[in-house]
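First the structure, in the form of structure tokens, and then the observations on it.
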């Protein structure tokens with residue numbers, strides 16, 4: 001087992017953590033999360049999240065708390081922020097090993113655990129300062145603990161998942177357990193009580209401080225409205241997630257034929273896990289690619305069951321080559337990015353009047369740790385960050401910085 005765990009640790013470092021510092025912060029989520037974490041550290045207020053001098057009610061605080069701890073240990077940097085996701089991915093890989101070890105076999109446990117880091121999607125999300133992988137870790141931990149009848153600890157894990165992303169961190173793991181075991185033994189009084197005390201602690205404080213405004217914004221708007229489509233910003237077709245999964249698991253496509261041809265009944269609980277997550281998020285009117293991450297642990301077990309040591313060896317050779325190409329591409333892209341160039345310029349010039357126009361770059365807000373408002377009217381001498389396509393709205397200006405970002409070219413101008 002020691003050799004297995006060493007191999008898993010080594011692979012996880014390479015595929016989840018190494019090189020996470022190459023790319024500077026991205027907008028929108030990373031910048032907002034980084035700012036909120038930095039604000040907590042500088043103000044000592046670890047209850048109320050802020051971004052750009054406004055309350056940030058959209059996300060619970062677990063990522064910010066873990067990020068603050070990482071900042072204190074390793075310093076404030078992209079590496080220490082993204083390390084949270086990398087370690088969460090590593091922890092999830094270990095859980096896949098122990099789940100498979102308990103319910104299948106040791107040989108399949110190693111193959112299943114080694115499958116997970118070869119999902120291309122995980123290479124990206126484990127290097128992003130977002131809460132998704134932390135949610136996957138705590139949710140998977142809850143499922144594992146429930147499956148071995150450690151219900152009190154399982155509820156504690158779900159409380160942490162609830163503090164990471166909200167209701168989804170509880171609903172899906174419980175749904176998976178019910179599909180798996182079809183009993184109510186998990187309704188342990190001590191465990192449920194701990195869940196309420198831990199999981200609801202922050203929510204109670206926020207509701208006490210902000211009342212219905214917070215309750216509506218987080219529970220109604222950010223969860224119910226997004227799921228039902230009352231508020232739509234990421235409207236994708238029903239086949240969106242199957243497509244994401246196929247691309248992510250491209251190294252294992254030949255194995256899918258074996259799975260369909262000779263499915264083993266021992267994998268039914270994992271098939272239920274995978275399908276529940278897939279169907280749940282496919283029914284949501286708002287779809288983002290990282291929502292589907294929680295299906296990957298189950299898919300890893302299913303795929304790993306049919307792998308041979310020879311197959312996984314060659315898969316890692318190809319996967320390592322693909323990762324190297326991806327990281328090299330990211331390095332080249334970083335040299336052309338707008339954000340690092342703009343941040344260097346703005347830190348040196350320190351303009352008093354800096355605004356956004358029809359656009360927002362949260363990474364710049366985070367790096368400068370200053371409030372930048374959106375405006376529509378400007379005066380001579382104002383500095384403005386916007387997309388290049390909006391330059392047509394300005395008559396007289398001086399172009400200071402231009403560069404690439406994921407949403408298109410961005411510019412920094414000075415109004416003349």
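Every residue gets a Cβ built from N, Cα and C, even glycine.
Your range for transmembrane segment, going by Swiss-Prot and the list 45-65, 192-212, is 192-212. Where the transmembrane segment (312-332) meets the stretches 5-25, 128-148, 192-212, 237-257, 263-283, the count of C-beta pairs under 8 angstroms peaks at 5-25.
For the transmembrane segment (84-104), the partner stretch with the highest count of Cβ pairs under 8 angstroms, out of 128-148, 160-180, 237-257, 288-308, is 128-148. Residues 59-63, 131-132, 134-135, 138-139, 142-143, 146-147, 186, 195, 198-202, 218-219, 222-223, 269, 272-273, 276-277, 280, 294 of the same chain lie 6 or more positions beyond the ends of the transmembrane segment (160-180) yet place their CB under 8 Å from a CB of it.
Counting only same-chain residues 6+ beyond the ends of the transmembrane segment (5-25), those with a CB under 8 A from a CB of the stretch are 31, 34, 77-79, 81-83, 85-87, 89-90, 93-94, 97, 110, 113-114, 117-118, 122-123, 126-127, 129, 316, 319-320, 323, 327, 330-331, 333-334, 337, 339-340, 343, 363, 366-367.
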